[in-house]
Each structure stands twice: as structure tokens, then as C-alpha cells.
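Chemist: Annotation source TrEMBL lists active site, proton donor at GLU204. The annotation Zn(2+) binding site is assigned in TrEMBL to HIS21, HIS23, HIS201, ASP282. The feature substrate binding site is assigned by TrEMBL to ASP283. Annotation source TrEMBL lists domain 'Adenosine deaminase' at 16-334. If you look up TrEMBL, you'll see HIS225 marked as site 'Important for catalytic activity'.
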Amino acid sequence: MTTRDTEMTTWLRGLPKAELHLHIEGTLEPELMFALAERNGVTLPYDSVAAVRAAYDFDDLPSFLDLYYQGMGVLHTREDFFDLAMAYFARAQEDGVAHVELSFDPQAHLVRGVPLEVPFEGLLAACREAESRYDISSALIMSFLRDRDPAEALEVFEQAAPWHASIDAVGLDSAERDHPPGRFAEVFERARALGIPGVAHAGEEGPAAYIREAWEALEVCRIDHGVRCLEDPELVARLRDARVPLTVCPLSNVKLKVTPTLTEHPLPALREAGLNVTLNSDDPAYFGGGMLDNHVACHEAFGWTRDDFIAMTHNAVQAAFMDEGRREALLERLRGVASDV
Ligand code: ADE
Ligand code: ZN
């Protein structure tokens with residue numbers, strides 16, 4: 001999608017947004033994929049950027065994940081991860097994003113022979129650079145692959161001890177169907193014991209029961225997606241009362257056929273139910289747009305006003321992993337935007 005330059009688009013660009021659900025490997029644009037393939041001597045199964053983009057037609061989450069894991073095969077060095085993240089930060093800055101929480105999948109790199117220090121050091125260097133170059137604050141989420149052995153997740157988490165102080169949260173992602181979150185209770189408990197909170201994908205393709213399980217067994221403080229909670233009214237009431245943030249990704253849900261069209265997306269129903277909704281882009285290179293595109297699409301589909309977007313940005317800033325000084329500064333910027341409405 002290309003964002004049209006309307007008055008609302010300009011205003012949405014100026015809104016200091018916080019992106020809480022972003023897979024950094026899912027920001028790999030085909031142009032950079034080709035450049036990194038050449039740099040690392042990797043042969044891609046496509047002969048052009050257009051051919052890569054044409055392949056981005058997904059039936060569901062697993063059909064996307066096949067291409068996502070294949071695409072990240074071009075990432076080999078710290079510099080590759082640095083370049084990937086800096087390319088994303090440059091686009092985020094153009095979109096008016098003020099804070100980003102980058103999730104990454106260390107196991108998907110380890111299985112390709114890329115050691116932990118490569119993504120950790122490359123991404124952390126990019127986060128520092130984004131802070132000084134763009135005034136974008138960030139957090140790092142180390143995610144585990146739920147379709148692999150939970151014992152492996154625990155082992156990788158222990159191996160990551162040199163970077164534990166740099167991890168803001170642990171996460172859980174990859175193929176959801178038939179992969180209930182409760183199996184990962186031990187690694188989430190271990191992280192919590194070290195003061196590292198947890199988040200988990202749940203209720204994207206999987207049932208509402210997985211949201212309940214992620215919340216209860218993993219004690220996560222946020223749910224990634226969570227859109228299927230509406231199938232369980234009792235769960236909705238509990239999530240609402242506890243103000244559990246849901247990091248919803250509208251364009252992703254359309255691309256992966258979680259919802260047939262954006263107008264049929266459950267976002268308005270989630271908000272009407274009083275849930276703590278935030279807007280995010282998930283894997284922007286694959287799903288047709290970043291934070292600004294997601295916001296503009298929601299404005300067009302649901303007729304949401306400036307106040308609606310201010311409210312969801314407020315939710316995101318409150319739910320973010322950031323120091324209190326930064327949170328107060330962003331809340332102050334939001335109050336400034338709100339007073340102009
Ligand atoms: N990994 C990257 N994007 C994902 C998504 N939308 N759901 C689950 N795992 C993912
Ligand atoms: Zn995701």
C-alpha cells in the first residue's frame with residue numbers, strides 16, 4: 001500500500017507512535033534481500049525484486065512463515081543485522097514512530113549456523129544509532145519459536161546470558177496452530193526470575209484458549225495479536241478488567257487471512273469491548289505497509305478520528321518497555337498533540 005498524502009495522513013505521521021509488535025526479520029525489503037544475498041554469496045530462488053514481491057501472496061500464517069524463514073537466510077553478519085535494522089529505523093522515522101520494540105528469532109539464525117552474538121550485537125548497535133540519529137527509543141524482545149522444542153528455547157535463553165541485561169522481554173512466535181503456549185512455561189519463568197517480562201503471540205490463528213493459557217501459564221504482560229479473544233466473552237471481560245495490552249496488526253491480519261478484509265476486522269469490536277488495543281505492523285516488508293500505512297488503513301476502513309488514534313497511541317506508550325523519563329516525555333508529546341485537536 002502507498003500512503004496517500006491527505007490531511008489525515010500528515011496528522012497521523014506527526015503522531016508520536018510506539019510500535020510494540022515488530023519482527024525485525026520481517027522488515028527485510030526485497031531490495032535489501034538481494035543486496036545482502038550478493039554480499040554473502042547466497043543464491044535466491046528469485047531472479048528479480050518483482051518476483052520476490054509477487055511471491056508475497058499468502059494463504060495463512062504457515063505459508064508466510066515459509067518465505068519469512070527463507071528470506072532471513074541472507075542475514076549472516078553483525079553488519080547485515082545492523083543494516084537491516086537501520087533500514088527499518090529510517091522508514092520508521094519517516095512514519096513518525098518515536099519508539100520501537102524489535103522482536104527477533106535467535107533460534108532461526110542458530111539453526112543456520114549464525115551464532116547468538118551476531119544478531120544481538122548487530123541489533124543493539126542499530127538501536128544505539130537510532131537513538132542518536134533519529135531520537136527513536138527502542139527495546140529488544142528475544143522470541144522463542146513455539147513450533148520447536150521448549151528445552152531448546154531454555155538452552156538458547158541460558159546461552160544468551162551475556163545479553164540478558166539488554167533483553168527487555170522474551171516473546172513467543174511462529175506457527176501457532178497445535179502449538180499451545182503452556183509448554184514454554186519454564187523458560188518464561190526463568191526469564192521472570194531474572195526480571196525479564198514476557199509477551200506471547202496468541203489468538204492470531206490459534207483459539208482464544210491459547211490467549212488464556214499464555215496469560216495464565218506464561219504470565220505474559222502483553223498479548224501479541226489476541227484478536228480471537230472475542231470468541232470467549234468471559235476472557236474478554238478478564239482481559240478488559242486487567243487492562244492487558246493487545247498488540248494488534250491490522251494489515252498483517254488481512255494478508256494472512258485472519259480476516260477476509262480490513263472492514264471486517266474485529267478491531268472496532270475489540271475497542272467497543274473496552275480492550276486495551278494498540279496498532280502495530282508485525283512484518284511490514286511482507287504485509288504491505290509500516291506503522292503509518294496501518295494507521296491510514298484503519299482511518300479509511302473504520303472512520304476513526306484523531307481522538308481514536310491518540311487513545312491507542314496512549315495505550316501503546318503506557319504498555320511499552322521504556323524508562324519512566326522517556327514514557328513521560330512521550331506522554332507529554334501526546335498531550336501536546338491532543339490539545340491541538
Ligand atoms: N513471526 C513473524 N511474524 C509472525 C506472525 N505474524 N505470527 C507468528 N509468528 C511470526
Ligand atoms: Zn508477530
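Just so it is clear, glycine is given a Cβ too, placed from its N, Cα and C backbone atoms.
Can you walk me through where each of these features ends up in the structure?
Modeler: Other Cβ atoms within 10 Å of the Cβ of GLU204 (active site, proton donor) number 24 in total over all chains.
Close to HIS21 (Zn(2+) binding site) in the fold, though at least 6 residues off in sequence, lie GLU101, SER103, ASP224, HIS225, THR247, VAL248, CYS249, THR278, ASN280, SER281, ASP282, each with a CB less than 8 Å from its CB. In the three-state DSSP reading, HIS21 (Zn(2+) binding site) counts as strand.
In the shown protein chains, 26 other C-beta atoms lie within 10 A of the C-beta of ASP283 (substrate binding site). Annotation note: ASP283 (substrate binding site) sits in a coil segment as assigned by DSSP.
Taken residue by residue with DSSP, HIS225 (site 'Important for catalytic activity') is part of a strand. For HIS225 (site 'Important for catalytic activity'), the Cβ neighbour count at a 10 Å cut-off comes to 27, with all displayed protein chains included.
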Chemist: Measuring Cα to Cα, how far is ASP283 (substrate binding site) from GLU204 (active site, proton donor) in Å?
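Modeler: A Cα-Cα distance of 14 Å.
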Chemist: Can you count the other CB atoms that lie within 10 A of the CB of ASP282 (Zn(2+) binding site)?
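Modeler: Result for ASP282 (Zn(2+) binding site): 29 other Cβ atoms within 10 Å.
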Chemist: Out of HIS23, HIS201, give me whichever of these binding-site residues has the highest number of other Cβ atoms within 10 Å.
Modeler: HIS201
Chemist: Take the C-alpha atoms of GLU204 (active site, proton donor) and HIS23 (Zn(2+) binding site) and report the distance between them in angstrom, rounded.
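Modeler: If we compare the Cα positions of GLU204 (active site, proton donor) and HIS23 (Zn(2+) binding site), the gap is 15 Å.
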